[in-house]
Amino acid sequence: MTRHSLPPIQGLYAITPDETDTSRLVTISEAVLAGGAGALQYRNKRVSGTQASNQAGALLDLCRRFQTPLIINDDVQLAAALDADGVHLGIDDGDIAAARAALGPDKIIGASCYNNLALARQAASLGADYVAFGACFPSSTKPDAPRADIALFAKARELGLPIVAIGGITLDNAAGIISAGADAVAVIGALWTAADIEARARQFHQLFN
């Protein structure tokens with residue numbers, strides 16, 4: 001899929017857990033996509049090399065079935081090798097312009113902007129397709145992440161890009177984030193720890209409808 005044929009980044013933006021069992025990772029990711037996730041980001045800090053490539057490849061096949069973009073976290077080389085739909089970059093993960101050169105004009109590039117509107121403006125000027133702010137709330141995934149004031153979302157509207165909120169987002173606080181201007185909510189913990197992952201994904205999805 002090309003960027004132009006993909007839906008915009010919006011709704012539930014699911015980020016994979018650190019799961020080493022590829023079969024289980026695919027199974028739970030399928031549940032999330034069936035529940036209405038608008039995008040899936042492959043992020044696994046417990047695997048690398050061939051295993052990471054195999055996992056991402058399996059998820060890409062899955063996302064193709066659901067016509068949902070697969071975004072690779074932090075790894076432009078892996079995204080290019082798999083022809084994934086895009087990459088998400090943090091401040092230390094490489095240059096947006098270099099990623100665009102490596103991936104081509106049709107891939108999605110997202111940028112972590114933490115609590116910094118100036119960083120978001122810079123990302124937009126370099127060609128990012130969406131910007132992410134967070135942590136919006138205390139996060140078990142990144143407990144030391146800087147906190148982002150949700151007032152940033154309204155200010156970031158000037159960029160004309162989809163805005164993703166991340167960090168400690170649950171069903172209890174997501175509606176306020178959306179009302180503040182987030183186009184998508186990136187969720188890890190509140191999603192994968194659910195007894196019924198598909199139902200939990202659907203609950204998040206319904207907040208946007």
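Every residue, even glycine, has its Cβ placed from backbone N, Cα and C.
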*Given that Swiss-Prot annotates GLN41, TYR42, ARG43, ASN44, LYS45, SER112, LYS142 as binding 4-amino-2-methyl-5-(diphosphooxymethyl)pyrimidine, state which candidate in ASN54, ASN73 belongs to that site as well.*
ASN73
*Taking the Cβ of GLN41 (4-amino-2-methyl-5-(diphosphooxymethyl)pyrimidine binding site) as the reference point, list residues of the same chain whose Cβ is under 8 angstroms away and which are at least six residues distant in sequence.*
TYR13, ALA14, ILE15, THR16, LEU70, ILE71, ILE72, ASN73, HIS88, ALA186
*Counting Cβ atoms within 10 Å across all protein chains shown, which of the binding-site residues ASN73, SER112 comes out on top?*
SER112
_Can you tell me the CA-to-CA distance separating ASN44 (4-amino-2-methyl-5-(diphosphooxymethyl)pyrimidine binding site) and ASP74 (Mg(2+) binding site), as a whole number of Å?_
10
